[in-house]
Amino acid sequence: MVQFYSPKKRPAKKQVKNLAVTANALDANGQGIAHAEGKTIFVKGLLPQETARIRLTEEKRQFAKGEVITRLTTNPERVTPPCQYYQHCGGCQQQHVPIDWQRTTKAEVLSHLIKRETNVVISAQPVIAGAEYGYRRRARLGLRYHPKKGLVMGFRQALSNDLVMVTQCPVLKPQLNVLLLPLWQCLKQLSVVRDLGHVELVLADNGPLVILRHLSPLSEGDKQLLDDFSHHAQVMIYLAGDNGEIAQLTTIEKEPFYQIEGLKLHFAPTDFIQVNDEINHKMVAQAIAWLDLSPNDRVLDLFCGMGNFTLPMAKRVDKVVGVEGVPALVAMAKKNAELNQLDNVQFWHADLSADFSAMPWAQEGFNKVLLDPARAGAAQVMSHIVTLSAEKIVYVSCNPTTLARDSKILLDSGYQLTQLRMLDMFPQTGHLESMALFIRK
């Protein structure tokens, strides 16, 4: 029997939908919020009271995302972005949005989330804010060699792994911004230019440092080029090879540090420090004020890092215990306590996502608590915090979703959320950081 094959008809290619919308609000990422065809539509780059013809880039049952084809009307408050790479580089999302709009929107989003998850109505204002540009004291730039373009040094494009070559960045501290072009000119001369991974720039209080990740050994000529650059630009240079170790290249023997609350905190080149030093100062001061520290207090600082909160608190109380999961940060915290002649503080290494109940510090009593967890939050330590029955708890958060989740545990255990603040740690971006004060009823 002869069988005939009839190919199935290919489904018609789904047409991209274009429509005209008017935004009436902003989300935390600076996207305009519009409504059409029974859906909420998030439109990149559209401000409230602006109308545009848009193209839908993603469509779900209850919402859609769109991009502007043509803006038909312009809000007079629209800001001209100062960065030539804006909308190509993925680092910033809100340079077209007035800074007060950015802050108000983020604060409202935070308050709305807390209300939705906990039923607590509370304002996240006044916002803890600082400079809108020139604030970033740490940045990592990718390095990639192209046969035609040569060395590209820059940040990732939005929704892409491609790099956008940058020779200036207005959110960087000026002392770092001026290094971009001469640093690139130096790196592109290296013999291992095809085997570079990334470069980090950090501004310590005693000068800038550069950490270069290289995938092949540097020649003596390469090291000389870098050493010449370090002396000309007055920067400390560190090399990160395949062995995972960080080695200081330059003869400028200075250990990086920053100062806070009259203390000098040293850190290793790859140690975590808050990117925005102005907001960090204000955040630490706010936490100390909220805890209302006195000489008789015993304070527990969880996820303490190298002592950013711990050591300033130790100046004011009877005893502070800091607990951290990264051994290198614990070692640096102990060193900083000794250098600052603080003998009423102890630091412990512990995995705070595991059972730590048998550790000596977990047997102690504390009347005040501060915690500053990573994005995953502090779910595993909340039950221990509750058993302490501390008078006051300050929770510093880089993820409002996990803050809301962990807040419910405290609220259900007899605590009251009395203060909430949005920390504008990363202006021009969608990042939202916050801090909250809980008081035992």
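Residue positions begin at 1 at the first shown residue.
Positions of Cβ are set from backbone N, Cα and C atoms, glycine also.
Features as listed in Swiss-Prot:
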- C398: active site, nucleophile (ACT_SITE)
- C83, C89, C92, C169: [4Fe-4S] cluster binding site (BINDING)
- Q274, F303, N308, E324, D351, D372: S-adenosyl-L-methionine binding site (BINDING)
- 8-70: domain 'TRAM' (DOMAIN)
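Its own atom aside, the Cβ of C169 ([4Fe-4S] cluster binding site) has 23 Cβ atoms within 10 angstroms in the protein chains shown. Cα separation, C92 ([4Fe-4S] cluster binding site) to C398 (active site, nucleophile), rounded: 17 Å. Over the domain 'TRAM' (8-70), the average per-residue pLDDT in this prediction is 89. Local packing around the recorded positions C83, C89, C92, C398 was summarised as the count of other Cβ atoms within 10 Å of each Cβ; on this measure the leading residue is C92.
Cβ atoms within 8 Å of the centroid of the Cβ atoms of C83, C89, C92, C169 (the [4Fe-4S] cluster site) belong to the same-chain residues Y85, Y86, G91, Q95, F155, V166, P170, V171, Q428, site residues excluded. Most Cβ neighbours within 10 Å, among the binding-site residues Q274, N308: N308 holds that distinction in the structure as shown. In the three-state DSSP scheme, E324 (S-adenosyl-L-methionine binding site) falls into the strand class. Of all the binding-site residues given, namely E324, D351, D372, the one with the smallest number of surrounding CB atoms inside 10 A is D351. Nearest by CA distance to N308 (S-adenosyl-L-methionine binding site), out of the recorded positions C83, C89, C169, C398, is C398. Here the domain 'TRAM' (8-70) has, by DSSP, the following mix of helix, strand and coil residues: 0 helix, 35 strand, 28 coil.
Counting only the Cα atoms, the space from C169 ([4Fe-4S] cluster binding site) to E324 (S-adenosyl-L-methionine binding site) is about 33 angstrom. Spatially close to F303 (S-adenosyl-L-methionine binding site) yet at least six residues away along the chain are V323, E324, G325, L352, L371, D372, P373, A374, A378, judged by Cβ distances under 8 angstroms. Separating the Cα atoms of D351 (S-adenosyl-L-methionine binding site) and C398 (active site, nucleophile) is a whole-number distance of 19 Å.
Across the residues annotated as binding S-adenosyl-L-methionine (Q274, F303, N308, E324, D351, D372), the widest Cα-Cα separation comes to 21 Å.
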